[in-house]
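Undergrad: Submitted below is the structure of interest, expressed as C-alpha cells.
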Amino acid sequence: MIDDTPALPPELLLRVERLTMRFGGLTAVNDVSFDVRRGEITALIGPNGAGKTTVFNCITGFYKPTVGRLTLASKEGPLLLERLRDHQISRKANVARTFQNIRLFGGMTALENLLVAQHAPLMKASGLTVLGVLGIGGFNKAERAAIEKAKVWLERIGLIDRADDPAADLPYGDQRRLEIARAMCTEPVLLCLDEPAAGLNPRESLELNALLRSIRDQDDTAVLLIEHDMSVVMEISDHVVVLDYGKKISDGAPLHVRNDPKVIAAYLGVEDEEVEKVESEIAVEATS
Amino acid sequence: MADPHAGAGAPSVFAVAFKDAAFAALVALGLAAPMLGLVTVQTQSGIELEQHWGKVAIAVAIVFAGRLLLNLTLWRPGRKKSLGYVPPKVEARLARFAKYLAPLAILGAVVMPMLPFTERYAIDLGILVLTYVMLGWGLNIVVGLAGLLDLGYVAFYAVGAYSYALLAQYFGLSFWVCLPLAGILAAFWGVILGFPVLRLRGDYLAIVTLAFGEIIRIVLLNWYWFTGGPNGISGIPRPSFFGLDFDRGDDGFAATFGLTYSPLHRIVFLYYLILALALLTNVVTIRLRRLPIGRAWEALREDEIACRSLGINTVNTKLTAFALGAMFAGFAGSFFATRQGFISPESFVFMESALILAIVVLGGMGSQFGVAVAAVVMIGGFELFREFSDYRMITFGLVMVLIMIWRPRGLVSTRSPSVFLKEKKAISGSLVQEGHG
C-alpha cells in the first residue's frame, strides 16, 4: 500500500486532499485540502460547527473519511492515514492527539499517564507480557528509561512535583499540559491539539504558547491545532487554515488570513452581540 | 429513645418521619406477607399452606419502629451525613495497616491447618473460602482492572471443571496434566467469548456475558452422551501427591512417609493446593499490574478513547483480560472437580457468578486485599448464617445493603498506583472510574 502512494515534497509532513466527511445527509467537511509543513505550527480555525474537529477525527483515525486522501510522510515513506485503524495511527504513522474535553486517565497518577503513552515500546520490552511476568528480559531497564522520559516531560510542563498525584486532582491548566505531554510521550511526528487553550487563564495561556514553541523547535514535531482563542492562534502559528460550514475559505500566513475579507465575513456573520467582540479581537491583534 | 427536640420543637419533622415510617411499614407488609406469612408445609396428604401472621406483624412493627427512630435521629433533616465517610487520613492509615495485614493473613492461612485445635470442618471451610478468593482475584482482572462487567464468569469455572473431568474420564489424564490444560481451554473460551462481545459496552456487555454463562450451562445439561447431562460426572480422580495417592495402599502417601493413614491428609493437601493456586493468581495479578498490559487495562477502564489515541490496541487488551481471568477460573474449576469428585451443571448456575461478582464489588474493585477479605466475609459469613436457615438470604442481603451504604466503593476503595517517583499515595476511589465495559 505504500508503493502506489506518491511521495510528498520533502518539506511537507501531511497533505490533506479533497477530504469530505458526510454523516447521513449532513456534510460536515466538504472538499477540504491543505498541507501541514514540517517544523511548523499549523492552526485550523473557524466558527463553531465549521468541521474542525471532524477534520481532526479523520486525521487521527477516529472517523473514516467519506472521500479524500490523507498522505503522511512517515519515516518509512508516504502513508495513507485513511487506511489505518485508530490505534495504528499512533503506532505506525506517529500521529498523536489531545481532546477538546480533556481525556486523561483521572484515577491514575501523572506519571502513570505518561507511562501508558509509552505502551508500545514497553510492551515489546516485556516480551508481550510473557517474559515480564516471569521477570526475565530487559523489561526493568526499559521501564526505567520510560520513567526517565516521563520525568523529562514532567519537568518541561512543570509538574514534576505532582508526579504521584492522580491526574483528576490537577488544576485544569495542568491537565491540559499533561495531556500534551502524554501525547508527546508517543514520540509523534505530528501532534494534533484540539483547542489546547480552552478554559486557560492568560498566564496559563502564555505557558502553553511557550510549550508549543518548544515542541516545534526542539522535538522535530509539527503541530496542528484547532483553536478559538485568536491571541494564541496569531501569536504562535506559522500557517492558518480557516474553515466555515465545512469548506476551506482561507489558507496562508496569519497576517494574510487576518486580513482576508472572507474570514472577516465568516467571523462577523454571526449574532449581533458577538460582532463587537470579534472586531475588538481583530483590532487588538492588528495594533499589537 | 426518641429525640425530644424533634417532638417538641418541630412537630412537622415528626409528622414527616411518621409518614415515611408508615410508608416503609407498608412496603414491609407487602414483602413480609408472602415471604413470612405464608409457608408451605409438607404433610402426608400433600402440601398445605400455613399462616404466620404474628411473624408478619413483628416484622412490620420492627420496620416501622426502626425507620421512625432513624428518621428522628440519624436521618433527621439538617443533620450532617457522616455515615460512610472515612477521613482520608484514616483511610491512608488503614491502607498502611493493610500492607502488614496481607502478609499476616497469608501466614495465618499457611499455619491454619497445622494448629492443634483445627478441625476438619475448618479446613473444609478454608478450602471453600480459598476457592472463592481465587475466583474473586481472577474476576478482579476482568472487572476490577479492565472494567469489563462480566456476569457469566462461572462459565469459565465450568469449562475448567468439565475439562478436567472429561479429560480424566475419556483419556485417563492425571490432575497435574489437566490443570494447565483446563486453564488453557478456559482461556480459549474466554477469547471465543471475547471476540463477539468486544464491541459491546456497559449493560450490553453484561447481558451478553450473562447469556454466555447460561449457554455453557445449558449445553452441559443437554449434551447428554458427552457430559452426562444433569447426572453430571462422578468418579473424577483425586489428585495425587506427585504420583503418590492418598490411600491405604503400601505405595500410598501415608505409607511412603511412614505415617498412619488418615483421610485428613488429602484434605490438608487440597487446602495447600488451593492456597498455592490462589497465591499464584495473586502474584501474577500483582506483577501484571506493573507491566504495560496491566496499566493498559486500567487505562482502558479510565478512558477507552484516550487509549486508542495512544496506540493501544483495545481489542487485544480486552481479550487478554478476558483470557487471563478465564484461565484462573479454569484452574479453580479443575481444582473444584478434583476436590468434589463429582460435578454437575447445578454447580455452575448464575448465582455463582453473582456471588463472585459480589465479592469483587464488595472488596473494592481492583483491590487484591479487599477481594480476599470480601471472600472470607461472604463465604465464611454464609456458613455462619447457616443456622438462620430460611432467614439466611435475608440476613445476607441486609448485610450487603449495609456494607454498600457504609462503603459504596467496596471495603478497600482506594487505588494504589502501579509506579511512583517519590511517594506512593493512595488514590481516592472517587477519582477512579469504574469502566463502561
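Using the three backbone atoms N, Cα and C, a Cβ is placed for every residue, glycine included.
The annotation transmembrane segment is assigned in TrEMBL to B:21-41, B:53-76, B:97-115, B:121-141, B:148-167, B:173-197, B:204-225, B:269-288, B:319-342, B:354-379, B:391-408.
Mind running through what each feature is packed against?
TA: If you look at the transmembrane segment (B:21-41), the same-chain residues 6 or more away from its ends with a CB under 8 A from one of its CBs are 47-53, 55-56, 59-61, 63-65, 67-68, 71.
Residues of the same chain lying 6 or more positions beyond the ends of the transmembrane segment (B:121-141) and with a Cβ under 8 Å from any Cβ of it are 109, 112-113, 150, 153, 157, 264, 267-268, 270-271, 274-275, 277-278, 281-282, 285, 288, 297, 321, 324-329, 331-332, 335-336, 339, 355-357, 359-360, 363, 365-368, 371-372, 374-376, 378-380, 383.
Within its own chain, the transmembrane segment (B:148-167) is flanked in space by residues 135, 138-139, 142, 173, 175, 177-179, 181-183, 185-186, 189-190, 193, 202-203, 205-207, 209-217, 220, 226-227, 233, 236, 318, 321-322, 325-327, 329-334, 336-338, 343, 345, 347-350, 352-354, 356-357, 435, 437, which lie at least six positions past its ends and keep a Cβ under 8 Å from the stretch.
Beyond the ends of the transmembrane segment (B:173-197), by six or more residues, the same chain brings 152, 155-157, 159-161, 163-164, 167, 205, 208-209, 212, 216, 237-240, 318-319, 322-331, 333-335, 338 to within a C-beta distance below 8 angstroms of the stretch.
Residues of the same chain lying 6 or more positions beyond the ends of the transmembrane segment (B:319-342) and with a Cβ under 8 Å from any Cβ of it are 127, 131, 134-135, 137-139, 141-142, 145-146, 148, 150, 153-154, 156-165, 175, 178-179, 182-191, 193-195, 198, 232-239, 270, 273-274, 277, 280-281, 284, 288, 293, 297.
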Undergrad: I need to check the long-range neighbours of the transmembrane segment (B:354-379): which residues 6 or more away from its ends have a CB within less than 8 Å of a CB in the stretch?
TA: 98, 101-102, 105, 125, 128-129, 132-133, 135-137, 139-140, 143-145, 150-151, 153-154, 282, 285-286, 298, 400, 403-404, 407, 409-415, 429, 432, 434
Undergrad: Determine which residues of the chain contact the transmembrane segment (B:269-288) at the Cβ level, with the cut-off under 8 Å and only residues 6 or more beyond its ends counted.
TA: 106, 109-110, 112-113, 123, 126-127, 130-131, 133-134, 137-138, 140-141, 145, 239, 241, 246, 253, 294, 297, 324, 328, 331-332, 335, 338-339, 368
